[in-house]
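As recorded in Swiss-Prot:
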ACT_SITE  His154  active site, proton donor/acceptor
ACT_SITE  Lys158  active site, proton donor
BINDING   Gly9, Pro10, Arg11, Gly12, Arg13, Met14, Gly98, Thr99, Thr100, Ala124, Pro125, Asn126, Phe127  NAD(+) binding site
BINDING   Arg37  NADP(+) binding site
BINDING   His155, Gly164, Thr165  (S)-2,3,4,5-tetrahydrodipicolinate binding site
Amino acid sequence: MTIRIVIAGPRGRMGREAVALVQRTDHFELAAVIDRRYDGQNLADIDGFAGIDAPIYTDAVRCFTEVKPDVLIDLTTPEVGKRHAELALRYGVRPVIGTTGFTPEDIERLTELAETNEIGAIIAPNFAVGAVLMMKFARMAAKYFTDVEIIELHHDQKLDAPSGTALKTAQLIAEVRPSKKQGHPDEKETLAGARGAAYDGIPIHSVRLPGFVAHQEVIFGGEGQTLTIRHDSLDRRSFMSGVKLAVETVMHLHTLVYGLEHILE
């Protein structure tokens, strides 16, 4: 079965990778794209997309009603991703969203919308399979190492901090680790924020520098030993195998799934 796909933000770095993914996948069809510019034009007329025939829409609702795609891929920004996820579900399109910034209330509202309309949705803080495995391994380790800190490193154009992956990792660890304050009980910061932000007592540190793509290490400490679990995305192509899996899986869902780990076998 051919899956008809709309991609939001095709000119962005992640959007370009998503377009390339659809083009090289036999059972995927690029039905249209949503962009801030070039309404009514064709993607093939834009630099870097020669030969890729897809109408461009600036209005998501008009795109969904006229094109009637099966799936929306949105790897843009938190604000845009939230808006597109809700619109897609309201118009019978299955959203696959790779942006962060969704609150528990957002997830609850979108889950209700997906179940009301009996269609699937997938939201994942990270589509890199290696990153998902890192989170799984961190959760396993937290049963035995209760002292832990997270360091996430991203390019300097990332809009949110900490990353959705870091927050998701902390949430998974907190499920199996008793809440505790780490470090010396009388510890004081001589510079505000020196110990990072904290989720349920787990310090999270965010680094933003040119040259990075997406990286995270989870450092556990115990008596006489440490354990570090690290994942590095060296190229944005690292996310595409997870996007492909999500697009294929969402066609068979009737609810929202948050996190790629829930669809990995």
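Think of each number as a place in line: the chain as shown, counted from 1.
Just so you know, glycine gets a Cβ as well, placed from its N, Cα and C.
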Based on Cβ atoms within 10 Å, give me the single least packed residue among the binding-site residues Arg13, Arg37. Arg37
Note on (S)-2,3,4,5-tetrahydrodipicolinate: the CB centroid of His155, Gly164, Thr165 has further same-chain residues inside 8 Å, namely Thr100, Pro125, Asn126, Glu152, His154, Lys158, Asp160, Ser163, Ala166, Ala214, Gln216
In DSSP terms, helix, strand or coil for Arg13 (NAD(+) binding site)? helix
Rounded distance in angstrom between the Cα atoms of His155 ((S)-2,3,4,5-tetrahydrodipicolinate binding site) and Phe127 (NAD(+) binding site): 17
What is the interatomic distance between the Cα atoms of Arg11 (NAD(+) binding site) and Gly164 ((S)-2,3,4,5-tetrahydrodipicolinate binding site), given in whole Å? 23
Between the Cα atoms of Gly164 ((S)-2,3,4,5-tetrahydrodipicolinate binding site) and Arg13 (NAD(+) binding site), what distance do you get, rounded to the nearest Å? 18
Taking Cα atoms as reference points, which of the recorded positions Arg37, His154, Thr165 is nearest to Thr100 (NAD(+) binding site)? Thr165
Using Gly9 (NAD(+) binding site) as the reference point, find which of the recorded positions His154, Lys158, Thr165 has the shortest Cα-to-Cα distance to it. Lys158
In whole Å, how far does the CA atom of Thr165 ((S)-2,3,4,5-tetrahydrodipicolinate binding site) lie from that of Gly98 (NAD(+) binding site)? 11
